[in-house]
């Protein structure tokens, strides 16, 4: 029996593959045409296990998507006709130039100018078309008005943390890698006091719940408690020129230069050089610190993998909280109960309970796959955690097994903050963005960032001030500035 050579066999197999591939393509196209040809009423009449309300919502959404693509298709057809018209015009201009016997240099200049005009027109049309179709898929249930009110410029290095005083006078506090902490007038943007007691980077700042005291954590392995006395200047009128609708329609623009380091407005304000109390016992960088309810005790988190609880009046160490396997990144206290939450690079955060003096229980929350950069308390029994794994999770303290909501983003999350009254989560990102979500994970807004406003480098932290009439959100970043925003979400407020 004759046998085929290897080359003939391979050629036949390749031919059969091409034939079967072409047949499969024809079948696919035919089935797609049949599917697209089905009328809407036939789709609605098909049996489905989905509830009727969900099914109708899906049909409506698919209808919206179909209309958007139809509009885009029509715009593309118009764009093609316009391109053909421009090409014909260019060809006609080229003939006129040849008839006039212009020099080669003039011809090249004329053609280059016309080509650049065509290229710019194509780019503009393309951006407009893609912006329309992309924005149509984003959340439009609530339109947030985000207005940049004031910029606070005076630090010589990046700002790690920002906080708002809880007593009168209400001032803004910033902690910076330039070894200082500054207090600011929220209305005028002027620096009111500078604290220079640390010899390392100031990593966090928190205000006492009832007194004019500030708590700062530093890279010098200490936390300081210091007293301030400031007098607020007369407020200045705020212009409305920076107001923007920022639900999701803000424009990405190029970066601009950072604040000028040669000018130091904080050099004119009073300087506080020594603390009232210095909390010492850590063997590594103190990355964060916070007041326990009542203000008589404070908790610190360190890179030595421990968190310490101190008596502020005596500076004595009350408890050393151990258990994390890697460096701590943040700590936060409950506003009304003796609860502490610590986060770590070991991908976990822990809940420490000091409500019973005889029992100090701890619960471990596991759910992230990378460093937990911060975990904060919200209203009720919820905790919100953010991570370098680009997710934010909302947890119920009564059920640690799984989060009740998960927010997935496109960049690592830094120190988050929650507006308790409106239940809004502010997410500062490594990619210079700040996004706002509600507690159920619905995206509400993204703060505007352009060449004229917003952060130009990594956004490190945020803080809400619900009672302030002008600014109710503050952000800070490694571009050496803090920014005060006015956030208004009417649809959300009406629902609440």
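Along the chain as shown, the residues are counted starting at 1.
For all residues, glycine too, the Cβ spot is worked out from N, Cα and C.
Nobody curates TrEMBL annotations by hand; they come from automatic prediction.
Since this is a predicted model, take the numbers as computed values, not measurements.
Quick look at what TrEMBL lists:
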COMPBIAS  1-10  compositional bias 'Polar residues'
COMPBIAS  22-31  compositional bias 'Polar residues'
COMPBIAS  32-47  compositional bias 'Basic and acidic residues'
COMPBIAS  247-265  compositional bias 'Acidic residues'
REGION    1-50  region 'Disordered'
REGION    239-269  region 'Disordered'
REPEAT    152-194  repeat 'WD'
REPEAT    195-226  repeat 'WD'
REPEAT    279-320  repeat 'WD'
REPEAT    321-362  repeat 'WD'
REPEAT    365-405  repeat 'WD'
Tertiary contacts of the repeat 'WD' (365-405), defined by C-beta under 8 angstroms and 6+ residue spacing from its ends, are 329-330, 332-335, 339, 341-345, 347-351, 411-418, 420, 423, 425, 427, 437, 439-441
The answer for the repeat 'WD' (279-320), taking Cβ pairs under 8 Å and residues 6+ beyond its ends, is 161, 200, 203-204, 206-211, 213, 215-225, 326-338, 340, 342-344, 352, 354, 360
Taking DSSP H, G, I as helix and E, B as strand, the repeat 'WD' (365-405) contains 0 helix, 22 strand, 19 coil
Using DSSP three-state counts, the residues of the repeat 'WD' (152-194) come to 0 helix, 21 strand, 22 coil
